[in-house]
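Asks: Right, I'll just put the structure down here and ask away after.
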Amino acid sequence: MASAHTVSDSDSDKTTEPDSHDTLKPSTRNLYNNSPDLFDNTLPSTPVKRRVPSVTRQRGKVHEISESDSDDSDQSASHVSGKSLSSMTKSLDTSFSKRQEFKEKTKHENMTIVQSDHSQKKGRSSSASKYEREKSTSIGQQLESRQDKSSGDTGSKDGNKALSRTNQNENCDAESTKSGLKRKATDSKKESQTTLQKHETVRLENTNNNMPQDSRPLCKYDAICYRKNPTHFQEYRHPEKEKGHTSSATEPPPNKKLKKESEAMVGSSLTQTTISKSRGVSELYKHAQPFSFFLTKVAGIADKYNSTLALDIKDILSADMGNLVASCQFNYMFDIPWLIQQYPKEFRSKPLLIVHGEQGPSKTELEAEAIDYKNIRFCQAKLEMMYGTHHTKMMLLQYDTGMRVVIHTSNLIKQDWHQKTQGIWISPLFPKMAKPSATEGDSLTYFKKNLLEYVSAYKAYQLKDWINNISEHDMSAARVVIIGSVPGRHTGDQMRSWGHLKLKRVLQQHGPSNTAVTKWPVIGQFSSVGSMGANKEAWLCGEWLQSLSAVNGGTTLPSVPPLQLVFPTKDNVRCSLEGFPAGGSIPYSINVAKKQMFLHDFFHQWRSEGQGRSRAMPHIKTYLRPSPDSQKTAWFLVTSANLSKAAWGALEKKGTQLMIRSYEIGVLFLPKFFGDKELFDVSSNLELLKSSTNVFPLPFDLPLTDYVKGKDRPWLWDIPYMDLPDTNGNIWCPRAR
């Protein structure tokens with residue numbers, strides 16, 4: 001299930017692994033507080049090693065954000081003064097010292113009480129001793145259960161909690177310390193229970209101290225390691241996990257290797273289930289026609305934003321959509337046990353094919369997850385290009401009455417369906433034909449032909465049955481165009497079958513006229529950034545923008561149109577529902593950013609007030625050509641492709657071949673195939689979208705919101721952010737490798 005940890009240009013889904021440590025050494029704290037900033041003229045004289053992001057808590061305290069501080073109606077979060085920060089740090093250090101002193105004092109008292117307890121027990125009968133041992137064991141188990149529950153409660157804090165002001169934090173810290181001391185003093189008076197509890201604690205401590213030193217290497221995930229394979233626990237030690245501790249973060253960074261359960265997620269699932277039941281999935285699907293474009297449901301936002309044009313993975317796989325016979329899941333990241341639970345019980349034993357790009361140990365680990373599921377088979381996508389990934393996200397769903405195709409932007413892990421903004425397109429139910437045909441039953445958009453070409457490009461025998469299934473169904477009802485990418489150096493006619501050249505060809509055949517879109521900008525929105533080259537003309541504003549600005553019947557435009565890019569700021573991430581951990585799914589490295597400062601001139605903030613998702617960080621990827629007044633668009637594309645050469649392709653050998661590294665897929669919406677209009681009416685306003693089915697639903701607001709000059713910085717995932725805590729009280733402290 002794990003992937004290589006090298007971040008490639010196309011790697012939008014590389015998520016982070018949190019540290020098991022929650023504090024920095026005092027000697028290094030000042031250095032990281034002054035983290036390297038690519039917007040500064042100079043960098044710190046002391047070099048900072050490249051670090052993989054993680055999340056830490058300031059001295060273990062829970063910081064709360066007030067609504068005024070993280071109000072998503074503001075373009076940025078409020079700032080805490082340097083004096084207040086200093087005061088808060090001093091208060092935290094003082095309380096920490098007090099807690100340490102009290103811990104040592106309590107431990108000494110514990111030993112005294114236990115010795116006294118042993119003397120009293122000498123005269124007891126054997127039956128009484130047996131009773132006390134059983135009672136001690138029971139209480140010890142209860143304590144462990146309470147610790148686990150308490151840990152889970154901490155881990156499930158809702159991202160909507162607001163950050164209190166600095167003075168409130170100081171008072172909260174002081175009161176928390178006094179309250180803790182008083183509570184422990186009171187508890188010590190309860191001799192009958194407390195004695196046994198302390199005896200159990202000391203016994204465990206003494207046992208741990210007398211154990212021989214473990215020579216196994218430390219697992220870097222420790223307390224939040226998700227793995228279940230016994231071999232992993234034989235090879236690596238997990239001291240914090242074995243103690244029953246969890247990460248100090250309220251919610252750890254979402255990543256491929258993290259499967260932490262939280263009560264917030266459970267509560268969200270219950271809410272989403274209630275919404276789905278109150279309004280059938282089939283009804284939601286019908287209301288979304290003719291575009292059939294949805295966003296994923298988000299925990300922590302108002303129910304009204306999840307009740308229309310929004311679906312969960314359980315909705316997609318529900319029996320309300322059809323009686324499932326078999327399914328095929330194409331994706332980048334998988335959590336097999338979690339995925340199986342998303343299917344209705346009656347479908348969990350149906351044949352399931354997993355198409356992935358894992359190699360070596362990661363492949364073995366993924367297959368080990370499915371060892372208990374006899375209905376699962378695997379297909380490994382060939383990745384012959386260095387730094388390439390299998391980034392496609394698609395479902396093929398076979399029913400007893402037909403077939404559906406779902407193209408979306410989410411990994412098949414819990415975190416991607418929780419508090420992120422994701423996109424989904426669901427096809428109509430394609431009926432089965434009398435006899436299979438690769439050419440019959442196709443749409444005006446050549447959907448069937450393009451889908452067959454894409455799946456056949458894997459050259460995998462495991463996909464043969466699904467190729468036959470596609471051939472057996474009538475897909476003439478499809479209205480979208482498939483825009484895919486497959487690895488390789490494509491020449492001749494194949495050059496225009498993939499990547500940005502495929503999009504260019506389709507726009508030249510079916511796109512807007514030049515007169516209709518003169519001076520209309522091109523907007524790109526994505527969750528990962530690759531290397532653009534030495535300057536903006538090298539690729540971004542050269543071949544890539546030329547393809548996206550193509551028009552019907554034309555080969556080139558008189559001038560390159562304006563380009564606008566949507567990418568979250570540091571404060572967008574900090575004040576999000578997930579807080580800093582959301583940035584683990586938005587990889588943009590400082591080393592890459594320093595080489596392409598020109599790119600940031602095109603950046604705009606992530607804002608989605610109309611859809612209620614301004615604080616749900618985007619993992620969706622969309623591209624469009626809107627009008628200057630933001631009321632219309634010439635086309636709209638939702639895809640797995642981020643802003644990178646690896647995903648879209650780059651011309652080589654003087655434009656005679658297109659080199660693509662990764663698998664990607666998306667669908668293009670063109671007005672021509674949805675009626676007689678040349679343009680789509682668009683809006684992100686949910687109330688307007690509820691009342692009209694002819695308005696295309698945008699996932700973010702138009703017009704775009706500029707970065708605040710001198711203040712807003714693009715999110716960079718491998719530098720620390722310790723000046724202000726996030727929504728959940730965390731700071732972001734990447735750990736050197």
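Each residue, glycine too, has its Cβ placed from N, Cα and C.
According to TrEMBL, the feature active site, proton donor/acceptor maps to His619. Positions annotated as substrate binding site by TrEMBL: Lys393, Lys621. If you look up TrEMBL, you'll see 1-216, 235-271 marked as region 'Disordered'. Annotation comment: TrEMBL describes Ser644 as site 'Interaction with DNA'.
What's the neighbourhood like for each of these?
Replies: Sequence-distant neighbours of Lys393 (substrate binding site): residues of the same chain at least 6 apart with a C-beta under 8 Å from its C-beta are Phe330, Asn331, Tyr332, Ile407, His408, Thr409, Ser410, Asn411, Ser640, Ile665.
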Asks: Please give me the CB contact count at 10 A for His619 (active site, proton donor/acceptor), counting all chains in the structure.
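Replies: Step by step: centre on the Cβ of His619 (active site, proton donor/acceptor), count other Cβ atoms within 10 Å, giving 26.
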Asks: Give me the Cα-Cα distance between Ser644 (site 'Interaction with DNA') and Lys621 (substrate binding site), rounded to a whole Å.
Replies: 12
